[in-house]
Amino acid sequence: GLRSSESPINSSELHTFPIVSFKWHHVKDPYVITLWILVASLAKIVFHLSHKVTRVVPESALLIVLGLFLGGIVWAADHIASFALTPTVFFFYLLPPIVLDAGYFMPNRLFFGNLGSILLYAVVGTVWNAATTGLSLFGVYQTGIMGKLDIGLLDFLLFGSLIAAVDPVAVLAVFEEVHVNEVLFIIVFGESLLNDAVTVVLYNVFESFVKMGAENVTGIECVKGIVSFFVVSLGGTLVGVFFAFLLSLVSRFTKHVRIIEPGFVFIISYLSYLTAEMLSLSAILAITFCGICCQKYVKANISEQSSTTVRYTMKMMASGAETIIFMFLGISAVNPDIWTWNTAFILLTLVFISVYRVIGVVLQTWILNHYRMVQLEIIDQVVMSYGGLRGAVAFALVVLLEEKNVREKNLFVSTTIIVVFFTVIFQGLTIKPLVQWLKVKKSEHREPKLNEKLHGRAFDHILSAIEDISGQIGHNYLRDKWSNFDRKFLSKILMRRSAQKSRDQILNVFHELNLKDAISYVAEGERRGSLAFIRSPSTDNMVNVDFNTPRPSTVESSVSYLLREKAGPVCLDMQALEQRRKSIRDTEDTLAHHTLQQYLYKPRQEHKHLYSRHEIMNNEDEKQDKEIFHRTMRKRLESFKSTKLGINHSKKLNKIHKRDRGQKRRNSAIPNGKIPSENSVQDFTLKEKDLEFSESEENNDYETLHLGKGVDFLANVTKQNFSDTPNG
């Protein structure tokens, strides 16, 4: 039956055996947690049903409003605020996934390139905001506008240090949807991550000062505070780096337990956070740097599937945590016990944090622009001042305060809630129109072209050489030294042998080009409704790639090859059929042919799927797709010369085909992918004149337009290497 938790079931009480008993208290906690997560996730689905709303209002603002609404319902139901965002839950379970995600997907080059600016804003900027806000509020309080408050200078400074820090959760939530350029984003976002150390130290220092009482604070205590800042920040960073090293080492040896690989990433990163917390260092810095430092080695070591799993799990956890945080910020606000309204205090706090943020940004940028290559313009400064969003970290810290030390805790809590709501909802709503109105440079989401990559690499080398020669130690010089150190020592220790080999740049480019090609072929196949054009013998549809690789003659015995060689009276040539297309029967033939070609690759084998908890079984279809992919790639690698001839060279084509066949027989021992023998190179040079073709033909050819430019680039390079003739 239904019993309250006060009366446990005694054996004497229970006379019959209950078939079903209702044990709410037995599952209450996990049940409630799961329900809240479900509600938050469902809310996300609902928000995204209409694009109009999410385009204008950031998700975080919607979640806060939803939280207020749900909090109202809960309050109406039982008149106590039974749910609130507690600091323990926030700092131990909700914050780590968000920060780890930020660190693991951090664009390293951008981050370290702008590290100086980020640190200036994070350290000096945060101290400036905290001090000025606290002192100004104290000054205004002295004039008596705020009325009677039981509060001293140290309390004001403590409050200033709470509210000064820009919050990573809020910045991510709002800036993700604005897409400002990378430099601007990394500066605001990097500042929000790295100012954590400053916040922690200032908070701890002023909290202990408040506990000690103003009269006991001496100069020595202040010096200790400054020293503790360096210990906390550097210590946190070192803890993070140490755990990143450990994680990379572990991931090197997980070859035979692929299925639990992703677990290590999360467990060891979380350990770094907890260890830093245990040593009272900066936990956010620890887990950020753990993510930043391990990402390269972990990605190289773990398998592709594990890498995808890590990526998605991380994003899912971060996104879920963010959703819950904002919803619970809304819910926590619905609690009359914590509200103490003081108009002057709240309004002045809002004014001061905004004004001092602007002044701080302008002053620091003025200093920085003397040293920065890429200047931060006025527009960037406006966005940076506006991006000073306060969020859940401030709220969690203010809830942590003890009422016996800080008597006006409730005033602080209610002010913090107002500040958080104001920055997230109001600034979140207005930042997008502001960015559009100011025409801030947006980020471009595209892969750099091969040409850009080459030039970028060349410039890196040139710049580091110049710095080396002129004896200046700058970014490029340091980056060069670091990459050498990484290549000689770190990668050798932390990366698998196979991973070290496969990181060869040329092979990577080759692999990328091949993949790009394959994708464009499939796309074209979809456009034409069949992949027949890849295997067809007619030259106008010939494939545009081949690196002139002789291949073992085993493949020649494939059916399509035989059909092509010995064309019988039955018309099996798709091209002819497609061009003819007279009778209904022909059309049916074509359709049947296409269907067979697309779907019936080989008879499906009936096979039982063996279940294994330790590895994922390969799907038959995947094997088949791979095989088809390899086969088409081989076909294409065969037909390079014939491509470059236009449509009118059928005689030459036949000659070349014959010579090719002879050559293939000679070279049939050479496996696929090896360097062709000398005679094929000479052959290439002889045919150079045939390879010139008019531009009109080039334009007719779909492939030259559609395929990535990379292949043409490679073809041209080979031409120049192999032949002395200037044209081509």
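Cβ coordinates are placed from backbone N, Cα and C, and glycine is handled just like the others.
Annotated compositional bias 'Basic residues' per TrEMBL: 654-667, in sequence order.
Annotated domain 'Cation/H+ exchanger transmembrane' per TrEMBL: 37-437, in sequence order.
Feature annotation from TrEMBL assigns region 'Disordered' to 654-680.
Listed by sequence, the residues of this chain that lie at least six past the ends of the transmembrane segment (31-49) yet keep a Cβ under 8 A from its Cβ atoms are 24, 59, 62-63, 66, 70, 83, 320, 323-324, 327-328. Per TrEMBL, the feature transmembrane segment maps to 31-49 (among others).
The transmembrane segment annotation in TrEMBL covers 61-77 (among others).
If you look up TrEMBL, you'll see 83-106 (among others) marked as transmembrane segment. Same-chain residues lying 6 or more positions outside the transmembrane segment (83-106) and placing a CB less than 8 Å from one of its CB atoms are 32, 36, 71, 74, 168-169, 172, 189, 193, 265-266, 269-270, 273-274, 277, 283-284, 287-292, 294-295, 310, 314-315, 317-318, 320-322, 324-325, 328-329, 331-332, 335, 392-393, 395-397, 399-400.
Residues or ranges marked as transmembrane segment in TrEMBL: 118-141 (among others). Same-chain neighbours of the transmembrane segment (118-141): 111, 149, 151, 153, 156-161, 163-166, 186-187, 190-191, 193-195, 198-199, 202, 344-345, 348-349, 352-353, 356-357, 359-361, 364, 367-368, 384, counting only residues six or more beyond its ends whose CB sits under 8 Å from a CB of the stretch.
TrEMBL lists 153-175 (among others) with the feature transmembrane segment.
Annotation comment: TrEMBL describes 182-206 (among others) as transmembrane segment.
What TrEMBL lists as transmembrane segment is 226-250 (among others). Within its own chain, the transmembrane segment (226-250) has Cβ neighbours under 8 Å at 197-198, 200-201, 204-205, 264-265, 268-269, 271-272, 275-276, 279-294, 297-298, 301, 493-495, counting only residues six or more beyond its boundaries.
Marked as transmembrane segment by TrEMBL: 319-339 (among others).
Within the same chain, residues 120-121, 124-125, 128-129, 132-133, 136-137, 140-141, 146, 149, 163-164, 376, 380-381, 384-385, 388, 390, 411, 414-415, 418-419, 422 sit at least 6 positions outside the transmembrane segment (345-366) and bring their C-beta atoms closer than 8 Å to a C-beta of that stretch. The transmembrane segment feature in TrEMBL is assigned to 345-366 (among others).
Among residues of the same chain six or more beyond the transmembrane segment (378-399), those with a C-beta under 8 A of the stretch's C-beta atoms are 85-87, 90-91, 94-95, 121, 159, 162-163, 165-171, 173-175, 180, 183-184, 187-188, 192, 196, 199, 203, 325-326, 329, 332, 353-354, 357-358, 361-362, 365, 409, 412-413, 416-417, 419-420, 423-424, 427-428, 431, 434-435, 438-440. The transmembrane segment annotation in TrEMBL covers 378-399 (among others).
Positions annotated as transmembrane segment by TrEMBL: 411-431 (among others).
The transmembrane segment (61-77) is in contact with the transmembrane segment (411-431), judged by 3+ CB-CB distances under 8 Å for residue pairs 6 or more apart in sequence.
Segment contact is absent for the transmembrane segment (411-431) and the transmembrane segment (182-206), given fewer than three CB pairs below 8 angstroms at sequence separation of 6 or more. Here the transmembrane segment (182-206) has Cβ contacts under 8 Å with residues 99, 102-103, 107, 110-111, 114-115, 117-119, 121-123, 125-127, 130, 154, 157-158, 161-162, 164-168, 170-172, 175, 225, 228-229, 232-233, 236, 280, 282-285, 288, 374, 376, 380, 383-384, 387, 389, 393, 397, 440-441, 443 of the same chain, all six or more residues outside its ends.
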